[in-house]
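What Swiss-Prot records for this protein:
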{"type": "TOPO_DOM", "residues": "1-31", "note": "topological domain 'Extracellular'"}
{"type": "CARBOHYD", "residues": "Asn27", "note": "N-linked glycosylation site"}
{"type": "TRANSMEM", "residues": "32-52", "note": "transmembrane segment"}
{"type": "TOPO_DOM", "residues": "53-56", "note": "topological domain 'Cytoplasmic'"}
{"type": "TRANSMEM", "residues": "57-77", "note": "transmembrane segment"}
{"type": "TOPO_DOM", "residues": "78-89", "note": "topological domain 'Extracellular'"}
{"type": "TRANSMEM", "residues": "90-110", "note": "transmembrane segment"}
{"type": "TOPO_DOM", "residues": "111-125", "note": "topological domain 'Cytoplasmic'"}
{"type": "TRANSMEM", "residues": "126-146", "note": "transmembrane segment"}
{"type": "TOPO_DOM", "residues": "147-157", "note": "topological domain 'Extracellular'"}
{"type": "TRANSMEM", "residues": "158-178", "note": "transmembrane segment"}
{"type": "TOPO_DOM", "residues": "179-194", "note": "topological domain 'Cytoplasmic'"}
{"type": "TRANSMEM", "residues": "195-215", "note": "transmembrane segment"}
{"type": "TOPO_DOM", "residues": "216-225", "note": "topological domain 'Extracellular'"}
{"type": "TRANSMEM", "residues": "226-248", "note": "transmembrane segment"}
{"type": "TRANSMEM", "residues": "252-271", "note": "transmembrane segment"}
{"type": "TOPO_DOM", "residues": "272-276", "note": "topological domain 'Extracellular'"}
{"type": "TOPO_DOM", "residues": "298-311", "note": "topological domain 'Cytoplasmic'"}
{"type": "TRANSMEM", "residues": "312-332", "note": "transmembrane segment"}
{"type": "TOPO_DOM", "residues": "333-350", "note": "topological domain 'Extracellular'"}
{"type": "TRANSMEM", "residues": "351-371", "note": "transmembrane segment"}
{"type": "TOPO_DOM", "residues": "372-385", "note": "topological domain 'Cytoplasmic'"}
{"type": "TRANSMEM", "residues": "386-406", "note": "transmembrane segment"}
{"type": "TOPO_DOM", "residues": "407-422", "note": "topological domain 'Extracellular'"}
{"type": "TRANSMEM", "residues": "423-443", "note": "transmembrane segment"}
{"type": "TOPO_DOM", "residues": "444-756", "note": "topological domain 'Cytoplasmic'"}
Amino acid sequence: MTSIIGAALPYKSPEKAIASSSYSAENDSSPVDAVIFAGTSLVLGTACRYLFNGTRVPYTVVLLVIGIFLGSLEYGTKHNLGKLGHGIRIWNGINPDLLLAVFLPVLLFESSFSMDVHQIKRCMGQMVLLAGPGVLISTFCLGALIKLTFPYNWDWKTSLLLGGLLGATDPVAVVALLKELGASKKMTTLIDGESLMNDGVSVVVFQLFFKMVMGHNSDWGSIIKFLVQNSFGAVGIGLAFGIASVFWLKFIFNDTVAQITVTLSASYFAYYTAQEWAGVSGILTVMILGMFFAAFARTAFKGDSHQSLHHFWEMAAYIANTLVFMLSGVIIAESVLSGQTISYKGNSWSFLFLLYLYVQLSRCVVVGVLYPLLCRSGYGLDWKESIILTWSGLRGAVSLSLALSVKQSSGNSYLSSDTGTRFLFLTGGIVFLTLVVNGSTTQLLLHLLRMDTLTATKKRILEYTKFEMMKTALKAFENLGDDEELGSADWPTVIRHISSLKDLEGRQVNPHDGYEAGSLDPTNIMDIRIRFLNGVQAAYWEMLDDGRITQCTANVLMQSVDEALDLVSTSSLSDWRGLEPRVHFPNYYKFLQSKIIPHKLVTHLIVERLESACYISSAFLRAHRIARQQLHIFLGNSNIASTVINESEVEGEEAKQFLEDVRDSFPQVLSVLKTRQVTHYVLNHLNGYIKNLEKVGLLEGKEVSHLHDVVQSDLKKLLRHPPSLKLPNVDDLITSNPLLKDRSSFRSLAIGETDA
């Protein structure tokens, strides 16, 4: 990490750290033993994931406890763990900077890339409040309480250093639980986004106070300069890497491995460039990079590539979290068992529990002070959500790594060894207590606040879906129950093995009961609108995979659905409202009247805008038609379904009229667009046909590879050189263009250019 004057923090190198561990070459240890600890951690992590699945105990809490148990066996008993113990000591001796550089880029990029862009934009104000003023309030609250009540005779700088160190939150357990329980997106986005931001801010605050503790005097000017450079420098580097990576992805066609490699390498290079070369916050840099990818590169990954990308990052984050929390447990055990100052002097255990109370109190102060502003920004915040937000302030790997750096940098006139040991002990204890107490009781708190209960509408949807599942099961039994070779199956035995359908057997239930009586209930209508818009968005994704729309068009369409989802409680379907400006010419097109602009450029801009409008309108109509069909199949002719379907049909009138105008004025535009879509569809169909021939064994690998390359080459040519529209006469183009509402000025432009 880089200080405010550009010097590196005095961390020990990995070689020195390992050499200072209590093991040596005499114990027959080998660097390869580090692999044993990593492998054992993953095996134990997999077992815990299976055994504790469906329980109230978060996965990360179990890993932390196991890590403490292994560390206690290795450091607290005469009988060490052999090769596994050697591996534990190697990992425990790794430089904290190296730990952050290895694990943080993966965890930060996965979290920021997986967040919903629209949710981020709406919650950004709340996230900045909690990560900016919130971290400062927490730092000074904790620092003041530590200075005034702890008996360690620390000065204000040292007390504030510990306060800033404990500012970094890591709500992995809480966020995973909220997602599992189906909590609102805004809540998970706010907690996750705040964690990402305040990790970066906390590290910057930590660096600032660390340099002060180490004797570097800084005036207010240098402090402000340092904070500004770290913040804006991180944003700039993150955006630069994001733009370069997205630009690179445009040249990679249907190569999932290469695409994933670009995202992985970009996250590590961005972190290293920011942290080591530019001296700014690597955490903020990777967070900005991930959000940029989420905003502009999500549609670059289609079909299998999209799934493979998310599966890769989920797996990478799972492995990183497993290793981080196992190692955190080992570090906590070692800090408690190997420090005589902790074990025998100062009543440090009682002060640890007191510090835990201070951490919770400071979190309450942060949320309480900022509550009026949090309620008025983004999606707002009610009192129940504020309680969960307060309780979700868990501490994790970042705080622990910073405490390790303090311990390794201690032992001098500025920072005593006892202080470094106490920092690690107190931080490790807070990490353990927040994970075990807060993490394990979050589900109970959600239950007490009744935030985990399903609404009446959702319950009816579940009951109806189970009823439809029974019908689907009966159809499947009719198709497969009687086999030519084996004979018939026993339906009662089949149904006994399908526990989800046992309660429905024999019940004559109209699946639409409950909707008629409550069809005018705003909550019911809002719920169905949300499901309808989710169906529209799913149709857009399918059209993107099929080549019916471009990446740029897909981004516009997805954004319109996100904006409409925010308004479902107060108005009817409104996703066309967000697309309407894209279908008409914006005001800045009036500058096309200038004779300075070349004739061909004017024609190209107008045709490009016209094609984009046709793509948007046709995709909108198709997606709504698909969603209406799905909703009708799902809810039948119920009043509530008819209400939402009517809203959809009303929305589509303007899009239909626009395409009719284009068909009358420039039918060749629609013909070219349809030709592109059909060509892309045929090539995709051929690709699927080749895969199917391989699947049934009619083609061998070499033959499949040859045919696949030929089809992929054609697809690449289609995307780079699609069928183009023969440019019409500029006078006809402008005067007949259905996009133009005021055509007189464009007519004069056209006539002027024609005369010229």
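Using N, Cα and C of the backbone, Cβ positions are placed for all residues, glycine too.
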So, do the transmembrane segment (126-146) and the transmembrane segment (351-371) meet, by the test of 3 or more Cβ pairs under 8 Å (sequence gap 6 or more)?
yes
Taken over the topological domain 'Cytoplasmic' (111-125), the predicted model's pLDDT averages 87
Take a look at 32-52, 57-77, 252-271, 312-332, 351-371 and tell me which one has the most Cβ pairs under 8 Å to the transmembrane segment (90-110).
312-332
Top stretch by Cβ pairs under 8 Å to the transmembrane segment (312-332) (candidates 32-52, 195-215, 252-271, 386-406) is 32-52
For the topological domain 'Cytoplasmic' (53-56), give the DSSP counts of helix residues, strand residues and coil residues.
0 helix, 0 strand, 4 coil
The transmembrane segment (195-215) versus listed stretches 32-52, 351-371, 386-406: most Cβ pairs under 8 Å
386-406
Any residues 6+ beyond the ends of the topological domain 'Cytoplasmic' (372-385) with a Cβ under 8 Å from its own?
122-126, 129-130, 186-187, 190, 449, 451
Sequence-remote partners of the topological domain 'Cytoplasmic' (53-56) [C-beta within less than 8 Å, at least six residues beyond its ends]:
440, 443-444
Is it possible to list how many residues within the topological domain 'Extracellular' (407-422) are helical, extended or coil according to DSSP?
9 helix, 0 strand, 7 coil
